[in-house]
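Engineer: Sequence annotations record features per position, and here TrEMBL assigns site 'Transition state stabilizer' to ARG19, LYS26. Marked as site 'Positions MEP for the nucleophilic attack' by TrEMBL: ARG161, LYS217.
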Amino acid sequence: MDINQHFIAIVPAAGVGKRMQANCPKQYLHINKQTILYHTVTKLLSHPLITKVIIALGENDQYFSTSGLANHKDIIRVNGGAERVDSVLSGLKVVDSHINPWVLVHDAARPCVSLEDIDKLISQCLDTNCGGILASPVRDTMKRGTFLQDGLSRIDNTVEREQLWHALTPQLYKTDELTFAIEQALSKALKITDEASAIEFAKLPSLLVLGSSENIKITNPDDLALAEFYLNKQLVK
Ligand SMILES: Nc1ccn([C@@H]2O[C@H](COP(=O)(O)OP(=O)(O)OP(=O)(O)O)[C@@H](O)[C@H]2O)c(=O)n1
Ligand SMILES: C[C@](O)(CO)[C@H](O)COP(=O)(O)O
């Protein structure tokens, strides 16, 4: 990978982690005595091509100041927004596309991403001059369902899983294209849950770059132990 440029990573970290049912936002839960946010941000900054991280924080965030990241010279803080997409857009507003024509976006809740997968994403996107995302193919039979009463659900149909992928992060796009795509999608009140969906609405292409299924998003309580296992597995490599 003959890359002679450096990258900024935007880390949306302004969520409250409702599904985690914890006593603090999930990005501030600890694994091996460090916060998940600390693991994620230091992982990104350990990549030789990532030189700055822009972290979008909640307006009332009371944890960041003691996270071990507060005075890091390569971290820029911005205010997050009501939705993840708003937090990402806040980060994009402080990126100079002349200096950083490409930008990575990576969830604070994904500390298990590997440097090798980040290399693959950067390499494939820059070699093809096309934005893209890390993704992992679906392995199970997939069903579409309908909620019934009393918390029950029923199967409506089986969803074809050929070329069905889990969208992961980082997602890597040209700064100007991503900013335009997100602003356009928001102006049309379109539902944007990742950068790729805004790019799709803008009818721009995206690569699917095969990434490890160990790059989980810590979302529900049982994800924490799994993330700890994967992080510790990386330590012994
Ligand atoms: N308004 C928001 C909502 C989410 N995020 C971030 O986007 C990432 C992925 O979102 P998700 O896993 O949904 O996190 P939460 O929104 O915190 O989780 P929940 O939906 O369970 O509340 C997280 O790192 C989260 O902090 C953000 O920056 N701003
Ligand atoms: C961006 C993302 O990680 C792609 O899978 C995911 O959409 C973010 O989580 P959310 O629950 O959709 O906010």
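Keep in mind that glycine also has a Cβ here, set from the backbone N, Cα and C atoms.
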Engineer: If you check the recorded sites ARG19, LYS26, ARG161, LYS217 one by one, which have a CB less than 6 Å away from any atom of ligand 2?
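Structural biologist: So the answer is LYS217.
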Engineer: In whole Å, note down how far the CA of ARG161 (site 'Positions MEP for the nucleophilic attack') lies from the CA of LYS26 (site 'Transition state stabilizer').
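Structural biologist: On Cα coordinates alone, these residues lie 30 Å apart.
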Engineer: Under 8 Å Cβ to Cβ from ARG19 (site 'Transition state stabilizer'), same chain, six or more residues apart: give me those in sequence order, or none if nothing qualifies.
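Structural biologist: Counting only residues 6 or more apart in sequence, the Cβ neighbours of ARG19 (site 'Transition state stabilizer') under 8 Å are THR219, ASN220.
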Engineer: Within 10 Å of the Cβ of LYS26 (site 'Transition state stabilizer'), how many other Cβ atoms can be counted across all chains shown?
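Structural biologist: So the Cβ neighbour count for LYS26 (site 'Transition state stabilizer') comes to 26.
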Engineer: For the C-alpha pair, I'd like the distance in angstrom between ARG161 (site 'Positions MEP for the nucleophilic attack') and LYS217 (site 'Positions MEP for the nucleophilic attack'), rounded off.
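Structural biologist: LYS217 (site 'Positions MEP for the nucleophilic attack') has its Cα 21 Å from the Cα of ARG161 (site 'Positions MEP for the nucleophilic attack').
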Engineer: For the recorded sites listed here (ARG161, LYS217), which one has the lowest count of neighbouring CB atoms within 10 Å of its own CB?
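Structural biologist: Comparing Cβ neighbours within 10 Å for the recorded sites ARG161, LYS217, ARG161 has the fewest.
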Engineer: Please classify the secondary structure at ARG161 (site 'Positions MEP for the nucleophilic attack') using three-state DSSP.
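Structural biologist: The residue in question, ARG161 (site 'Positions MEP for the nucleophilic attack'), is coil (DSSP, three-state).
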